[in-house]
Amino acid sequence: MAGAGVACGSPELTGAVGPGRARAAAMSSVASYESLVHAVSGAVGSMTAMTVFFPLDTARLRLQVDEKRKSKTTPAVLLEIIKEEGLLAPYRGWFPVISSLCCSNFVYFYTFNSLKALWVKGQHSTTGKDLVLGVVAGVVNVLLTTPLWVVNTRLKLQGAKFRNEDIVPTNYRGIIDAFHQIVRDEGVLALWNGTFPSLLLVFNPAIQFMFYEGFKRKLLKKQLQLTSLDAFVIGAIAKAVATTLTYPLQTVQSILRFGHHRLNPENRTLGSLRNVLYLLQQRVRRFGLMGLYKGLEAKLLQTVLTAALMFLVYEKLTAATFTVMGLKHLHRH
């Protein structure tokens, strides 16, 4: 892409350090710049999409965490929330979620594209490589950003009217106060509640990216670039597949991040394999096998639309940025 232009059009650099090293240095610098563009575009795309479809995420979280809620459909849950808690209640916790999402997607897109630049080195990637890169990027992302997601899950559910008496209410004044109270009352490790299922769930974005990149490669063999509709549709399909395959673990992850169920009190090391299996078993015992998929409709509606819009914004933003970068580069040389 722009890498060849930088390597071939820098005679001063070439003369100083030799063509091989110059090309390597230039490629390295462009790769890191490209990764930054991908990361910023991914973060902006996800923030835009999540803001548009945020009420659907609110409905999904209530269905996952509040097991005794009788309403089963997304519109019914949203109407209940608005009626009981006010018109703006579906947007409760918007800022911490958007902040966490911005950081999370920046880390994921940067890691994924940096590793891809190092491993693929200008060649066409493969489905297997995309899956491996997705898993590694997911692990890095989980370890760095889980504390943000624990805090935002609690803030998002604070003040909610639950049907489940097992849920202990919280009282946080904001992001910083939530961090402070969690560390003070539950210890530092509580900030990584749900890390184990989150690490298992790195397959969700990995599967999503594997399908997305695979569809994208097939389309780009027939056309020069993706249209808005292409990006939206393949983003939606990729996310639908990934979400359906990993949804039971996502439910456990939400419960563990919330951390205020009076379940399994003898074992407070939340996030262990024992707790994951315990919560899955409890879910099946109470609601049957389909209980593992409670809230899937809301989750699919929200994540599929959000991912589709995110990939659309991401593709358009990266394409526009690289076009501008290319024009500036040509102008400079």
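Note that Cβ sites are derived from N, Cα and C of the backbone, with glycine treated the same way.
Predicted automatically and left uncurated, TrEMBL annotations should be read as such.
Of all ranges given (93-111, 188-206), TrEMBL attaches the label transmembrane segment to 93-111. Distant neighbours of the transmembrane segment (131-151): 96, 99-100, 103-104, 107-108, 111-112, 115-116, 119, 125, 175, 178-179, 182, 190-195, 198-199, 201-210, 257, 259; these residues of the same chain sit at least 6 beyond its ends, with a Cβ under 8 Å from one of its Cβ atoms. Over the repeat 'Solcar' (125-218), the average per-residue pLDDT in this prediction is 85. Across the repeat 'Solcar' (226-320), DSSP assigns 76 helix, 1 strand, 18 coil.
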